[in-house]
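*Asks:* Below: one structure in structure tokens.
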Amino acid sequence: MSPPSGQHLYPARHGYAVEGSPFIPTRLACAASQYYGIAGSGTLLILEETELGIALVKSCEWSDGLFDVAWSETNENVLAAGGGDGSLQLWDSSSNHSAPLRVAREHTQEVYSVHWSQTRGENLLVSGSWDQTAKVWDPTLSKSLTTLKGHEGVIYSTVWSPHIPGCFASASGDGTLRVWDIKSAACRLAIPAHKSEILSCDWCKYDEHMVVTGAVDCSVCVWDLRNPRQPVCQPLVGHSYAIRRVKFSPFSRTVLASCSYDFSVRFWDYSSSQPLLETVEHHSEFVCGVDFSLHTPNQDQLLVLWTETLEPCTHRRRSTGKYKGWFNLQYQKLTLWTLKQHSPGVS
């Protein structure tokens with residue numbers, strides 16, 4: 001494990017999500033909010049990995065908190081962000097203008113998740129909101145192409161299948177993982193994956209049938225969509241607080257990462273008899289965001305991730321009067337880690 005590098009990049013903002021660029025190896029984006037996301041404005045931070053640490057390249061201001069960010073899969077300068085005012089915005093990181101390219105305002109509550117489609121022949125966005133709906137958009141954001149309803153709780157996570165066109169998964173506070181077909185605008189599969197709120201899901205990059213979930217019950221579960229009655233292995237346990245995000249490795253079929261409000265990031269190989277590969281406990285606050293780099297120089301030896309930190313908060317958002325989950329960010333900090341790949345079965 002290499003020593004961490006990081007710095008306070010924007011002390012007046014508190015980060016909620018981070019994503020590495022699919023085009024530029026050293027480029028990152030962070031969605032951040034003022035006053036812990038309870039009130040005030042938000043900032044989209046464009047960041048660069050340098051020899052001295054993480055440097056700020058550009059910041060874009062928004063009138064409400066920003067809670068998720070996604071890079072375009074077709075344009076290296078374009079990003080989408082989801083806001084606490086229910087808006088979805090498109091931004092150009094190369095532009096000198098401070099305003100977004102486009103803004104959509106169809107959601108009635110916070111947009112907590114945005115994701116760009118990853119299959120060839122598609123260029124679509126999906127957004128998930130506290131209004132219990134998911135919406136699909138083309139890059140013009142002029143009007144949503146379809147609205148998907150079925151969840152009975154807040155939608156925390158939406159992620160496109162990297163294999164199946166027109167298909168995405170969503171995770172909700174109602175404890176279900178759902179798989180949607182946008183052509184029929186219908187839910188094709190609903191899995192009661194956890195007995196508590198599910199805060200994150202992700203699709204395996206190598207197997208179209210495998211999806212992972214992370215929940216408030218502190219467990220990570222891997223699901224085979226062909227046999228959804230039970231997880232493919234015993235739930236991955238070890239975290240002591242709710243799991244905020246889960247991510248499959250882009251280089252290993254059975255390796256994934258999870259980050260939690262217990263201050264830790266954990267790496268797993270769910271095919272191993274000893275699935276826990278590594279626990280990173282260098283954070284002093286709750287960990288909110290994690291992402292793998294797509295640009296490691298040696299895919300068999302290196303994994304890179306970015307994390308953010310947050311702290312418990314019991315304040316309510318002014319716009320909805322609802323608790324913003326259990327946790328909100330105390331301050332925004334990014335840390336870059338390099339982790340050597342473990343062989344299966346090694347902890």
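Each Cβ is built from the backbone N, Cα and C atoms, and glycine gets one as well.
Pasting the feature list from TrEMBL:
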REPEAT    69-101  repeat 'WD'
REPEAT    104-147  repeat 'WD'
REPEAT    148-190  repeat 'WD'
REPEAT    191-227  repeat 'WD'
REPEAT    236-278  repeat 'WD'
*Asks:* Mean pLDDT for the repeat 'WD' (236-278), as a whole number?
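*Replies:* Summing pLDDT over the repeat 'WD' (236-278) and dividing by its length gives 94.
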*Asks:* How do the residues of the repeat 'WD' (148-190) split into helix, strand and coil according to DSSP?
*Replies:* 0 helix, 24 strand, 19 coil
*Asks:* Counting each residue once, how many in the repeat 'WD' (191-227) are helix, strand and coil under DSSP?
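*Replies:* Per DSSP, the residues of the repeat 'WD' (191-227) fall into 0 helix, 19 strand, 18 coil.
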